[in-house]
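Undergrad: Dropping the structure in here first, questions after.
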Amino acid sequence: PPPLQPSVGEVSPHYPPHFMKGSIIQLANGELKRVEELRTDDFVQSADVSGDLKIDSSTVVRIEENHDKGTAVLGFSVGEQRVQVTVEATLEHPFFVFGQGWSSCNPQQTLHRYGLQCHRLTVGDVCISLTHKDASTPSSSGAPSPKDPPKDKQGAATPKRKQPSPKPGAP
């Protein structure tokens with residue numbers, strides 16, 4: 001039989017590789033950190049050091065999980081203007097929560113998919129992201145930007161990613 005094809009209109013999950021445990025993220029000051037080692041201060045300092053990045057906050061106002069589809073529709077109140085943004089993401093998609101770290105709707109699935117330890121994302125959590133001052137495009141976390149919601153419906157970010165160098169003697 002032929003391989004199964006997604007139905008027309010069906011969204012195929014996107015699993016951004018930069019969320020994989022061990023992925024190297026370059027901060028605005030040039031420092032390299034593993035994605036699982038990122039802290040709130042890294043986002044704050046990157047915004048301070050960079051002339052073209054600013055930190056945006058997005059408060060989770062709604063979470064509607066659809067276990068049949070393996071997704072959640074998330075409502076955010078974004079930035080100082082409190083713009084309402086809705087994003088559909090996989091249940092395991094990680095978002096960076098202020099003062100807490102990585103969180104998702106299903107931390108067990110996030111650990112399985114990405115190897116990333118997470119808290120459970122809840123209404124009231126404040127997700128943070130770095131956006132370009134002139135283009136409001138997310139660049140370092142899973143939170144949506146106020147002017148340009150993610151086109152892939154994943155809330156995916158695009159931080160600078162470097163492949164880890166193999167250590168001498170490593171298998």
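Note: Cβ is positioned from N, Cα and C throughout, glycine not excepted.
Annotation comment: TrEMBL describes 136-145 as compositional bias 'Low complexity'. The domain 'AXH' feature in TrEMBL is assigned to 7-138. Annotation source TrEMBL lists region 'Disordered' at 133-171.
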Undergrad: What is the average pLDDT across the domain 'AXH' (7-138)?
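TA: Here the predicted model's pLDDT, averaged over the domain 'AXH' (7-138), is 88.
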Undergrad: With DSSP helix as H/G/I and strand as E/B, how many residues of the domain 'AXH' (7-138) fall in helix, strand and coil?
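TA: Split by secondary structure, the domain 'AXH' (7-138) comes out as 24 helix, 53 strand, 55 coil.
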